[in-house]
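Student: Have a look at this one before I ask anything.
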Amino acid sequence: MRFKTFACFVGPSLLLMVLFIAVPLVSVFIQSFHVTQPVIERIETERCTAGFLEQQCSTEIKNVPVLDERGSIVTTTRFVGLENYRAVVRPDSVQAAISSWNWPALMAIDFWKALRFTLSFTLITLPLVIGLGLTIALAVNNTTRSIRGPVIFVSLLPYIITPVIGALSIRWLFVGDGILTQAMEAWSGRQISMFAQGWTIELLMLFYRVWHVAPFAFVIFYAGLQTMNRDAIEAAMMDGASRFERLRYVIIPHLMPLIFFVSLIHLMDAYRVFEEVVGFRSQAHVISLQWLTYDLLQPDDAGNRAVSRASASAMLTMIGIVILLVPLLRKSWRDHKGVR
Amino acid sequence: MAEIVLRNVTKRWGSFTGVACTNLTIADREFLVLLGPSGCGKTTTMRMIAGLEDATEGDILIDGRRINDLDPKDRDIAMVFQSYALYPNMNVYENIRFPLKVRRVPAEEHHDQVIRAAEMVELTDFLDRRPGELSGGQRQRVALARAIVRRPNVFLMDEPLSNLDAKLRVSTRAQIKNLSHELKVTTIYVTHDQIEAMTLADRVVIMKHGVIQQVGTPVEIYDRPANTFVASFIGNPAMNLMEGTLQDGVFTGRNARIAGIAGPDGPVVLGFRAEDATVVPAGGDIVAPAYTMELLGDATMVAVRAGGALVTVKAPKDYRVEIGAPVEISVPAAICQLFDADDGSRIEPA
């Protein structure tokens, strides 16, 4: 293909990627090392009253934002180095909590609380999504051809549902007067509140994410199974491999590139967990890194947004994703070089 | 020891019959070739023996034991596939070792057995390579080594040479023949290539539409085909089959008159091999204009139209004739075979 033709195809996409991904990313990166604050001026006002015997005067000092000629607040941006990161990570408090083996103190820091949940959420859902997706794919692949269509449709339904709606649906099932809570209470004969403590909320979040994403893994693996060399499976049967050994030595190695692909996508997606926190209204107990960034961007009582700290939090989230992806990317790269 | 018996074995898919009521006995250590065109049921028959397909009816026995309900792994059968069916994620060594590993053969025996199998197929220099780094012939040898490593009772080979080029096919064929001689294991080999069948087999089974047409040694099948299908399927060129009438020992067909044929009067199909007839200057039994002439190097094949068919005769290598010029062919009555004009079955001389 000529370079000009190639550029015509790739150019628009590249331009939009630069505009909507690279530029905001660089902007957030720069912002995370700066603080933008309004310029404040100090105004002294002397007030005097006539008094009884002699005149009484008092001086009032006020800090007020400087306004420009259009009446807007004048701001100034200054470089603060890692100050924003320090404000988010709070290393002094972390050191104090660790040195005193005080886990609750560590979890009282928003960033670490969010990181703990985000990491555990990502690493627990990953094998469950892969395992459940693979199980459904194998089951559908082995069912009678005539019922495969309906089974595939039903299996895909959770993935079609909008995440927030799905999370809300699960919440409604388990809130105080939800159907499932009522059923569990009737069954156990005791009061159950799934949203009164963090760990039950986390369980529901994990359940929801696996339920929602497993169909994606299923579709990918099912497609992969269609490319499987039937002879290789039959050869393994003749060689004496059990069903599990055929899965382990023949089917999974064949699906391995797809397992890597699903893992990459899921790691990136799960680390940015957000909808569950909103859908389950769990912020009192459980927060994620993405939600933390969102929260920092919410205006406080004075109407100020902590944009710089939000930028630092966003960068830390991105660094976390990259760290998680590095082993997978390295393995993929090695395999790619090996194939060549 | 592995004598295989197929007793009334049938395979049906709905109303379609893939293999119809097959009865066959394969002797211990015999090399049997299932031969036939695509869709004749030869691979299905093999897959039923392997346990990869269930027989709809009938019994499959190995050494007198009914194996219909046994899993493939429990039948002590090894199989070589047309597509090699190697495990791409394992190297050659691991591929060959795989049957030992999954059959729980003690680990300390693996190495020796793998090396011995690799030596038998001359693969010892490639043990570290993955299947993707091997040629077609090498891959097929890995498949062979994987089959022989655990010394099964029966080998099944499903068109193992079909994916190889002509030159490699000859050398791998020789290797299979040698291995079969060395291992002395009952072997069933499926092919649609009659040369493979003739060169490898102790006995050949010819199938058509799921029905066995003839079972015999390569020589029997070549010399005494059971019907016109076998006669036209075996041999290159195939047997000449002329339609005509036999009356008082004289066969008469279009452009052909052959005397001294023993058989019942009436319409018949007369067959003879190209190499058994000769082109003569005059007084031939078939007289017809030359239809085509092919130079093969060691011989010249001359074809004429006679008895409603194209009749090919092998002439000396320096024989030349103009297309359309008359050709006289002598067909000795002794080499002629007769087949029923209606069902094509062989008519034995009275």
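Positions of Cβ are set from backbone N, Cα and C atoms, glycine also.
Quick caveat, the model's predicted, so the values are computed rather than measured.
Reproduced below are the annotations present in TrEMBL:
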{"type": "DOMAIN", "residues": "A:115-330", "note": "domain 'ABC transmembrane type-1'"}
{"type": "TRANSMEM", "residues": "A:7-30", "note": "transmembrane segment"}
{"type": "TRANSMEM", "residues": "A:117-140", "note": "transmembrane segment"}
{"type": "TRANSMEM", "residues": "A:152-174", "note": "transmembrane segment"}
{"type": "TRANSMEM", "residues": "A:206-225", "note": "transmembrane segment"}
{"type": "TRANSMEM", "residues": "A:246-268", "note": "transmembrane segment"}
{"type": "TRANSMEM", "residues": "A:310-329", "note": "transmembrane segment"}
Student: Any residues 6+ beyond the ends of the transmembrane segment (A:310-329) with a Cβ under 8 Å from its own?
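Tutor: Contacts with the transmembrane segment (A:310-329): 28-29, 31-32, 84-85, 87-89, 111, 115, 118-119, 122, 260, 263-264, 267-268, 271-272, 289-290, 292-293, 296-297.
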Student: Does the transmembrane segment (A:7-30) come close to the transmembrane segment (A:117-140), meaning at least 3 CB pairs under 8 Å for residues 6 or more apart?
Tutor: no
Student: Report, as numbers and ranges, every residue of the chain located at least six residues beyond the transmembrane segment (A:206-225) whose Cβ falls under 8 Å of a Cβ in that stretch; write 'none' if there are none.
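Tutor: Residues 121, 124-125, 128-130, 132-134, 136-138, 140-141, 152, 155-159, 161, 163, 166-167, 170, 251, 254-255, 258-259, 261-262, 265-266, 269-270, 273, 276, 279-280.
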